[in-house]
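Engineer: I am attaching a structure below and will ask some questions about it afterwards.
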Amino acid sequence: MSSISTESSSNLSLLENGGGGSDKPTAETSRRVRRTVSASSLIRKRSDLKLISRVRWEFMRRILTNLQEVLLGTKLFILFPAVPLAVVAHRYDCPRAWVFALSLLGLTPLAERISFLTEQIAFHTGPTVGGLMNATCGNATEMIIAILAVGQRKMRIVKLSLLGSILSNLLFVLGTSLFLGGISNLRKHQSFDPRQGDMNSMLLYLALLCQTLPMIMRFTMEAEEYDGSDVVVLSRASSFVMLIAYLAFLIFHLFSSHLSPPPPPLPQREDVHDDDVSDKEEEGAVIGMWSAIFWLIIMTLLVALLSDYLVSTIQDAADSWGLSVGFIGIILLPIVGNAAEHAGAVIFAFRNKLDITLGIALGSATQIALFVVPVTVLVAWTMGIEMDLNFNLLETACFALSILVTSLVLQDGTSNYMKGLVLLLCYVVIAACFFVSNSPSSKLLF
């Protein structure tokens, strides 16, 4: 459930432009921040403030404006009722499968709003601070779910949800975008900067290495010699390596803009025009910085609450629906939770803006693999819980093949609907694999 911003690669274009920490968003800051066109901007709704402007008291007008922009300023506002319904269902002991479903639906608009609020803060703090916020908090929902699952010692949920988000971005999001983008631009040549794909593929291969070695170590040890401690130590060391790589990735974009892939081009007026996104909204922030920080805290707390419900009821939902936990964690959680982000990537592909699409899909996958996963391992360490990077053979094989297929598809810097179809078919095969897999390992035994 990654945040709905154009993460890592495209968010980091904020870093390339420098930026200050002015209290008020200037026109130059707004221009530079807008260079990272986010998927959330595509599902924004035009706010009609005519009625609010008639309110006599200034303080009340500000409150109503904030409520309208934050709660009603998205096309996903129709899903907000799922948040209180999930709380009520949990409070009054409704079927736990319903609690899971309502929590999953409620997380979709909350994740999008976290992205929106981070974007608003970036307008006020400047592109450097805003870019760092997006680079570290771009997948806040996934991290919250993972940490809560660690607290409940449901390590399989942690690994499935994180791996599912990576596979979803590499195959489903990117595949859908390339397929539909290719069909809608049959008479146009779709191209992108291949350096962006090369950079992210290289980092994903590093993450794959760090996940594969603990699994290999586990298989090479004799059963009577294995106690798990060596694998855990290796996993923690590998986590530090991945974090160093991610930090180097940020620095590379910050200080080596002449070597790194250029930021996605700002779409022309005819490309970014949308009936629900006004020119005024594109000029700068629509709420104040402290209001954005306040709402960001509220949304994060709600995400934590629903994530707790989600983790505690996933096994009950799997039993009720006749599905394996593996299928729910790998397939359902990422698709439903990242629906807004997926839609944004597809829309950019429709508009022949594949660099932005790659920034969303590859950037999110890289951020989860190199930042969220190692942070989760280290947080578990601080909690006195042993978590390793052994994702098991089937999951690791799916990860490796997904990276390989994606890197092959993107190596020449061109796109067509056939490439997207291949990625989608790969995702279908993986989904079918986890759908039919109902082995004891697919149950939560701890």
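Backbone N, Cα and C define each Cβ position, glycine as well.
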Engineer: With reference to Swiss-Prot, is Thr65 found on the same side of the membrane as Gln411?
Structural biologist: yes
Engineer: Any residues 6+ beyond the ends of the transmembrane segment (417-437) with a Cβ under 8 Å from its own?
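Structural biologist: Here the qualifying positions are 167-168, 170-172, 174-183, 186, 323-324, 326-327, 330-331, 394, 398, 401-402, 405-406, 409.
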Engineer: Compute the average pLDDT of the predicted model within the topological domain 'Cytoplasmic' (1-69).
Structural biologist: 52
